[in-house]
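Taken straight from Swiss-Prot:
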- HIS190: active site, proton acceptor (ACT_SITE)
- GLY12, ALA13, ALA14, GLY15, GLN16, ILE17, GLY18, ASN108, GLN115, VAL132, GLY133, ASN134: NAD(+) binding site (BINDING)
- ARG95, ARG101, ASN134, ARG165: substrate binding site (BINDING)
Amino acid sequence: MSKPALRVAVTGAAGQIGYALLFRIASGEMLGKDQPVILQLLEIPDEKAQKALKGVIMELEDCAFPLLHEVTAHSDPRTAFKDADVALLVGARPRGPGMERKDLLSVNAQIFTAQGRALNDVASRNVKVLVVGNPANTNAYIAMKSAPDLPAKNFTAMLRLDHNRALSQLSAKSGKRVADIEKLIVWGNHSPTMYPDFRFATVGGQGLTQLINDDAWNRDTFIPTVGKRGAAIIEARGLSSAASAANAAIDHVRDWVLGSNGKWVTMGIPSDGSYGIPEGIIYGFPVVTENGEYKMIKDLEIDAFSRERLDFTLKELLEERDGVKDLLK
């Protein structure tokens with residue numbers, strides 16, 4: 001007997017990331033090859049965006065995905081999020097020319113306040129929310145604060161792209177396969193201040209620091225390369241990373257729903273006060289996932305360099321939080 005379909009809401013559905021994401025969700029890559037889905041797609045009310053969304057839906061229909069039971073187009077989050085089991089908040093206002101970061105925060109605060117309220121009112125009480133649109137951590141924080149009737153743990157931000165980027169760099173440096181590297185962490189904000197940390201990472205049971213014992217490379221090459229990878233892709237491609245971002249979103253939700261099989265993964269989650277990170281801040285932490293729940297890896301040793309990096313990325317998150325505080329009243 002087939003499973004009941006899960007409702008997946010996606011915002012910014014006609015955008016670059018949306019286009020790279022939707023077909024993979026509909027094929028079963030995110031929720032399982034035996035899990036039917038209903039896609040509820042949100043775009044801004046603008047006529048051009050809605051027309052583009054219609055075109056994407058035509059293509060989804062033309063794929064004749066066996067698992068895609070229904071797809072609907074929306075311009076109002078209150079209909080798009082109705083009974084949603086999973087919500088991927090991809091759409092966000094990008095930073096325009098001459099736009100200060102505080103302006104970006106303010107515009108996105110309005111978007112994510114409205115979306116948080118809509119989730120609060122109409123989504124499933126167990127909805128799993130992943131914020132992809134930047135600034136992802138703070139946008140997730142805004143949505144969470146705007147949805148007081150939903151558990152805070154339902155709101156997450158995407159650091160999986162940074163995690164995957166870091167894995168790729170470590171693989172290239174060590175000569176080991178990406179799939180064999182375990183226990184990597186990316187701490188903090190999804191921004192260049194993040195801290196990719198391979199002090200606990202292993203390859204086939206061996207500590208990765210034994211293979212890469214190079215503090216200068218870690219500090220001067222690895223950390224900045226991971227932090228600035230998005231900018232490097234824009235420089236090379238003329239467009240921001242869309243396929244890799246969509247891939248990371250699928251990884252994040254797949255592991256959250258289906259489990260990470262004991263492997264550590266990075267998720268931006270509300271802090272419980274661990275590692276000196278104030279409670280409620282959405283921060284990248286190492287987690288394992290099973291049975292639809294994530295569990296933070298606790299009590300890892302934080303050396304002096306790591307403490308400095310954790311505090312550096314926290315400072316940025318606190319500044320962002322303070323920048324939107326007045327908008328959350």
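For all residues, glycine too, the Cβ spot is worked out from N, Cα and C.
Here the features listed in Swiss-Prot are painted onto the structure.
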| residue | record | DSSP (3 states) |
| --- | --- | --- |
| GLY12 | NAD(+) binding site | coil |
| GLY18 | NAD(+) binding site | helix |
| ARG95 | substrate binding site | coil |
| ARG101 | substrate binding site | helix |
| GLN115 | NAD(+) binding site | helix |
| GLY133 | NAD(+) binding site | coil |
| ARG165 | substrate binding site | helix |
| HIS190 | active site, proton acceptor | coil |
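Around ARG101 (substrate binding site), the same-chain residues six or more apart in sequence whose CB sits under 8 Å from its CB are ARG95, GLY323, listed in sequence order.
Listed recorded positions: ARG95, ARG165, HIS190. The one with the lowest count of other Cβ atoms within 10 Å of its Cβ is ARG95. Taking all protein chains in view, 28 other C-beta atoms sit within 10 angstroms of the C-beta of GLN115 (NAD(+) binding site). In the shown protein chains, 24 other C-beta atoms lie within 10 A of the C-beta of ALA14 (NAD(+) binding site).
The maximal spread of the NAD(+) binding site, taken as the longest Cα to Cα distance among GLY12, ALA13, ALA14, GLY15, GLN16, ILE17, GLY18, ASN108, GLN115, VAL132, GLY133, ASN134, is 20 Å.
Considering only the recorded positions ASN134, ARG165, HIS190, the residue whose Cα is spatially closest to the Cα of GLY18 (NAD(+) binding site) is ASN134. Within 10 Å of the C-beta of GLY18 (NAD(+) binding site) there are 24 other C-beta atoms, taking all protein chains into account. For ASN134 (substrate binding site), the spatially nearest entry among the recorded positions GLY12, ALA14, GLN16, GLN115, HIS190 is HIS190, judged by CA separation. Across the annotated binding residues for substrate (ARG95, ARG101, ASN134, ARG165), the two most widely spaced Cα atoms sit 24 Å apart. In the structure shown, the C-beta of ASN134 has more C-beta neighbours within 10 angstroms than that of any other entry among the binding-site residues GLN16, ASN134. Take the CB of GLY12 (NAD(+) binding site) and look out to 10 A: across all protein chains shown you find 23 other CB atoms. Rounded to a whole value, the Cα-Cα separation of GLN115 (NAD(+) binding site) and ARG165 (substrate binding site) is 29 Å. If you take the Cα of ARG165 (substrate binding site) and the Cα of GLY133 (NAD(+) binding site), they are about 18 angstrom apart, rounded to a whole number.
Using a 10 Å radius centred on the Cβ of GLY133 (NAD(+) binding site) and all shown protein chains, the other Cβ atoms total 24.
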